[in-house]
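Q: One structure is given below, represented as structure tokens, and several questions about it will come after.
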Amino acid sequence: MTPTSLARARPTSSHRWVPAAAGWIVGVIATLSLLASVSPLVRSLIRVPREWVDDYIFNFPDTSFAWAFVLALLAAALAARKRIAWWILVGYMIAAAGWNIAGLAEGRERWFAEVGEVIGLAFHLAAIAFLLLARKEFWARVRRGALLKAAATLVASMAVGTLIGWGLLELFPGSLARSDRFLYALNRVSAFAGADAASFSGHPHVFVNALLGLFGAVALMVTAIVLFQSQRADNALTGEDESAIRGLLELYGKNDSLGYFATRRDKAVVFAPSGRAAITYRVEVGVCLASGDPVGDPRSWPQAIDAWLKLCQAYGWAPGVMGASAAGAQAFREAGLNALQLGDEAILHPEDFRLSGPDMRAVRQAVTRARRAGATVRIRRHRELPADEMAAVIERADAWRDTDDERGFSMALGRLGDPADGDCLLVEAVQADQVVAMLSLVPWGGNGVSLDLMRRSPQSPNGTIELMVSELCMQSEDIGITRISLNFAMFRSAFEQGAQLGAGPVARLWRWLLVFFSRWWQLETLYRSNMKYQPEWVPRYACYDDARLVPRVGVASVIAEGFLVLPFSRRHEQPHTGHHIAAPGTLVATGLLHSDGTAPDGMGLQADLADDDQPRLPEQVRVRMAKLKALQAQGVDAYPVANPPSHTVAQALAAEDGADVAVAGRVLRSRDYGGVLFAQLRDWSGETQLVLDNSLLADGSTADFTRTIDLGDLIEVTGTMGRSRSGKWSLLVSGWRLIGKCLRPLPDKWKGLTDQEARVRARYVDLAVNTDARELIRARSAVLHAIRETLVAKDFLEVETPILQQIHGGANARPFLTHINAYDLDLYLRIAPELYLKRLCVGGVERVFELGRAFRNEGVDFSHNPEFTLLEAYQAHADYHVWIDGCRELIQNAAQAANGAQVFMRPRADGVLEPVDISGPWTVKTVHGAVSEALGEQIGPDTDLATLRLLCDRAGIPYLTHWDAGAVVLELYEHLVEDQTREPTFYKDFPTSVSPLTRPHRSIPGVAERWDLVAWGVELGTAYSELTDPVEQRRRLQEQSLLAAGGDPEAMELDEDFLQAMEYAMPPTGGLGMGVDRVVMLITGRSIRETLPFPLAKPR
């Protein structure tokens, strides 16, 4: 059981059945009374038992609509455990028991009358006993209402009904004596036929008798309506409540497209105790119907839901929710309710909206018709309209309300022209200077709108609504809108599934029923009016407590949504009618809420709610934030403008004794010895000791430093270089200034961040405290700089080519897919810059390179990252042999720049890194030769596929049956050679079939002029003698494109632009590709994630 459901639960009792039983008994009498008032047959059938019950048990007149209505209300109240119903029933039972006692005391001549009185008395005493024992089961209260107004209405209605009934009796008296006619009318209309008919001389016609009871029932109904309406109005939103809701919407309104409808003034509201969330609701037929998601901070939704459920229990209401989002429905489910998908909300994203395409043909044609008819669209905020124009808007909305062409929606604000709604958007269609249609949309956060009202003139041209929606999407960028909600269409999935080909009989029947009821209610209209815009459908849910209450919740929803309008119902209150502020007293006490319902001071409310957040923060953070506030109150700017220091820490340490310096950095450690304080200060260049002595400080004391500065703070200090009393070279501080307050504590000053995942996620903290992390950043920068210097020294040009590409090519890898809204075009993040660099080669750039980012949607491990730095370089009139020396030189120079020597750092068995010399030439082997060494059997380019498969089987290496010989050799190479390689080795002459962009070997058939550089099981780079034959290039890429079309996600697509460029002839060229991240990894001896400043991390 959830905490909320535990809060709602009451102790079980042996008398829990009493309210339901009492309700059922009274309800049966009410039903029989109503049927007897309508049907003479029923009246005749139950005459004998009715008369006995009426005489000894319970008032049960032969015909009385008024009494049937009273009993129906009482039965419903008893079943809902209303305390006032308990009092009424107990009082009636005591009065009835007294009547029987009085009868027995008088004595009766007929024995069966005495028996009846005894039985009736026993029943009354038993009923009173059970009701008294079950008193605590009737806990539900009744909302406050205008009792005096209701009582006056009852008296006046009864008086009018009695007079009219008296008049009817004078006109149609039947056998009723003249002297009894007024009293008879009074008895039937106002006294619920409490006096027996035998007490009067004669009786009127049965039809007149029924009319008299109906007059009483109408009087009671009018009174009930007045009372219920006063209850709703009296408990509806106050100005302060609406102001609080608007404040929550300003902070959290972006979460819910229907959130603004919570400001409707015919709803009531209940807040979480903190005031950070609220639920608006309305009570219909005993159901407390919450409208959509709670408003406010999602973290406070459980508290708001708990307060709402407690309210439902206190008043005996059945809880229900209408139109909750998936997040809201989940929150209600966690509170113990059940969820049922009600429909789908139609969301338009203007950046994706296009009138082109076959799916939008109907909308496009409608828009064209409206434009041809001369319709134009103007869009304004409500606050931009003068008072006279807004009055005209309201008048048009009322005039067009009942037209056959009206397209209303179920979720509506129900008011126009209120100053508090100035941010609402008005879209008008104008024809010949006359407004012919309009839309009103309410805010959805800061960049969205939700449809509230849709009206059109009967004379508006066809397609006007489509024109307004389309123009709103087209002009959305100018008015700052990125989301448009058309509200939700109920039972959308039923309409869609029932219309599909092959739909089952149940789905078709369900759709037929919905279409049938759409004649009266806008069910299909809502669906079709949204569907044609091709929106995103977002599900909305209804929530309920018990499956048995689903019908009641459904009826309440139908009434609340306006599909069923009750007599004399008042909807969409314009003014604030509530008299009881529901907002928490702490929130009201801030003075930020406005009694007119306008939004509170946003920054003030945000600051107030932020104060409530403080207990959620760790204690050290709260202490530091309190210190920050104290400093700001003293006028200290904890984040001042820059004042460049005169020295770095390294320069200060190298300065002469007594030199004046000003440095800035982060405080890492601090030791206070009273009048003298020592602190460690670090900047990027190094770390030094600060000595703060009260005798040396120009202003303030060490105590001021201790009160103000925490570990991790950024400070600026001035002073002279010298030695401490212990002889340590230090900065003797004469003045200091805080330049950045650190609000979160640093990790352990000796160990730092020990968790690798934490080091990745908080790299900034790792850099602040870990010198190794800083050294890796420096080494990576040195590697990149050395690579550039080496290539530029050889007259290579550095260029930049597109990262967003329409065709993924240049390597066999799975790409990342993205989309450009401006052109409605799918694009790829490049997997390699090769094809664009070769275009430059065709254009005459003979030596070119690019050092940039590439992206491959593949695995993540110690040597792979989806986003990586890639070097590609091309040299005309060269081949892959040239790049053997060129690649080795690049890596050796990079190692020299990072480590000070041509070495790789490799871990020993104990994990300690040691240098491994990589100077001089590196080993070169052929692929087939290396595989032959590993297998112990000779293979070559001419080895047949069957033999290669047999060798794989012997070595336990898996392969796919559709692979050719080249692919099998590559698999043998990767398992037996690449993974086992230690010192840097070049493996050359790969099979042609696995090298689609490489020229065939000049003398050896079946292999291509390509090499891979491998070191310690990691592929560092590859080089080709590039394939320059455009005809052969096209054939190979067509083979690749067939693989891609067949479902291979790594196969390259056919790039016609590249092939056309190649047909202009590219000179013989050697190309190099090198993974820079892997080079840095081997040079530093760390994993890729450690060498990258910000590697990709999985979501928390």
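Any Cβ shown, glycine's included, is placed from N, Cα and C.
Features from Swiss-Prot:
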DNA_BIND  661-739  DNA-binding region
BINDING   ASP1012, GLU1019  Mg(2+) 1 binding site
BINDING   GLU1019  Mg(2+) 2 binding site
REGION    1-601  region 'Phosphatidylglycerol lysyltransferase'
REGION    602-1100  region 'Lysine--tRNA ligase'
TRANSMEM  18-38  transmembrane segment
TRANSMEM  60-80  transmembrane segment
TRANSMEM  84-104  transmembrane segment
TRANSMEM  112-132  transmembrane segment
TRANSMEM  154-174  transmembrane segment
TRANSMEM  206-226  transmembrane segment
TRANSMEM  314-332  transmembrane segment
Q: What same-chain residues lie close to the transmembrane segment (112-132): Cβ under 8 Å, and 6 or more beyond its ends?
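A: Cβ under 8 Å, 6 or more out: 15, 18, 22, 52, 55-57, 86, 89-90, 93-94, 96-97, 100-101, 103-104.
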Q: Please work out the helix, strand and coil residue numbers for the DNA-binding region (661-739) from the DSSP assignment.
A: 7 helix, 47 strand, 25 coil
Q: What parts of the chain pack near the transmembrane segment (84-104), using Cβ distances under 8 Å and only residues at least 6 beyond its ends?
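A: Long-range Cβ neighbours of the transmembrane segment (84-104): 22, 26, 56-58, 74, 77-78, 113-114, 117-118, 120-121, 124-125, 127-128, 131-132, 135, 138, 142.
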Q: Counting across all protein chains present, how many other Cβ atoms fall within 10 Å of the Cβ of ASP1012 (Mg(2+) 1 binding site)?
A: 21
Q: Where does ASP1012 (Mg(2+) 1 binding site) sit in the DSSP three-state scheme?
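A: Strand, per DSSP.
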Q: In sequence order, which same-chain residues at least six apart have a C-beta under 8 angstroms from GLU1019 (Mg(2+) 1 binding site)?
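A: The answer is GLU978, ASP1012, LEU1013, GLY1075, ARG1078.
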Q: Tell me the coarse DSSP state (helix, strand, coil) of GLU1019 (Mg(2+) 1 binding site).
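A: Its secondary structure by DSSP: strand.
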Q: Restricting to the region 'Lysine--tRNA ligase' (602-1100), what is the model's mean pLDDT?
A: 89
